[in-house]
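Novice: The structure follows.
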């Protein structure tokens, strides 16, 4: 059984509207999601002793989400990840986007899908959010109708993304939750054991744009096909962290993507998806300046993201799987976050 409750989370400044919170609860999980950016603000999971902890980074109040912050828990779009130099061409026409990450456009631009109020509809086992992204929003072509649906079943949270376009446009939607399976506010994720089911990854340039090469993981720091303990792995390979797309083997059907285990608590997160890629991000840009829930601060490497996605900058890379959505087609992708105890 899943219960769904609805409450006011906060009011936007200068009468711009009310943000609501939806709490989805099963016998194994409790998830809070707000209508601002379809954002997961809390996710409580039991450890092997049966004690529940909140395992996502974020804020207790709306004000936290309205400040400059790194997309905690939000749905990002119209195009997640980076587009080189904020430009792309569709059907012979060049489009220019806002540059908001070095020389590139990141996560939909200055006011992406994470910074708007969505329209909610309560379901028996979850909540569906919808919005219409107008033609030209953040520089993207065509009107885009979007639906994001969160449903809960036991220990599994499912996120489904659907979209329909009036003109051909790139679309790439994901959820940007930062997890720490020891509990949010724990100082780092070095004791987490990570597995990613990928034979290849995308090397990037100094601005984190893929070079175009699809490189085998074999013999590199990116070979996560067998479990690695994150802290030791970063040390062994002398790398600062991950912010890279891993190329998944799967088809458009549901396929296994990643597993993260935390030995101390026994919590395990498994991710399945219909997407061709996943960005493993280890919170490299977190710097401890943001005050989170229960007085927590979030230093570097205090959370990890598994952003299931199409490949970054795909709209400019003809050898990558296409991210173009044409009129009459439907964008339809699902990701499953399955929590258990080992």
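Even glycines carry a Cβ here, placed using N, Cα and C.
Okay, so TrEMBL annotates it like this:
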{"type": "BINDING", "residues": "81, 82, 176, 177, 178, 243", "note": "beta-D-galactose binding site"}
{"type": "ACT_SITE", "residues": "176", "note": "active site, proton donor"}
{"type": "ACT_SITE", "residues": "307", "note": "active site, proton acceptor"}
Novice: Hey, how far is residue 176 (beta-D-galactose binding site) from residue 307 (active site, proton acceptor), Cα to Cα, in Å?
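Specialist: Cα to Cα, residue 176 (beta-D-galactose binding site) and residue 307 (active site, proton acceptor) are separated by 6 Å.
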Novice: Let me know the most crowded of the binding-site residues, choosing from 81, 177 and counting other Cβ atoms within 10 Å.
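Specialist: Per the Cβ count, the most surrounded site is 81.
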Novice: Determine the most Cβ-crowded residue among the recorded positions 243, 307, using a 10 Å radius around each Cβ and all protein chains in the structure.
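Specialist: Checking each of 243, 307, the winner is 307.
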Novice: Report, as a single number, how many Cβ atoms besides its own are within 10 Å of the Cβ of residue 176 (beta-D-galactose binding site).
Specialist: 21
Novice: Would you mind listing, in sequence order, the residues at least six apart from residue 82 (beta-D-galactose binding site) in the same chain with a Cβ closer than 8 Å to its Cβ?
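Specialist: For residue 82 (beta-D-galactose binding site), the qualifying residues are 101, 104, 105, 106, 207, 208, 209, 312, 313.
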Novice: What Cα-Cα separation, expressed in whole Å, is found between residue 177 (beta-D-galactose binding site) and residue 307 (active site, proton acceptor)?
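Specialist: Rounded to a whole number, the Cα-Cα distance is 8 Å.
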Novice: Cα-Cα separation of residue 243 (beta-D-galactose binding site) and the residue listed as 'active site, proton acceptor', in Å?
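Specialist: Answer for this pair: 10 Å between alpha carbons.
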Novice: Only counting partners 6 or more residues apart, tell me which same-chain residues put their Cβ under 8 Å from the Cβ of residue 178 (beta-D-galactose binding site).
Specialist: 56, 57, 58, 70, 72, 73, 283, 286, 298, 302, 303, 304, 305
Novice: Residue 307 (active site, proton acceptor) to residue 81 (beta-D-galactose binding site): how many Å between their Cα atoms?
Specialist: 9
Novice: For the beta-D-galactose binding residues given in the record (81, 82, 176, 177, 178, 243), what is the largest pairwise C-alpha separation in angstrom?
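Specialist: About 18 Å separates the two most distant Cα atoms.
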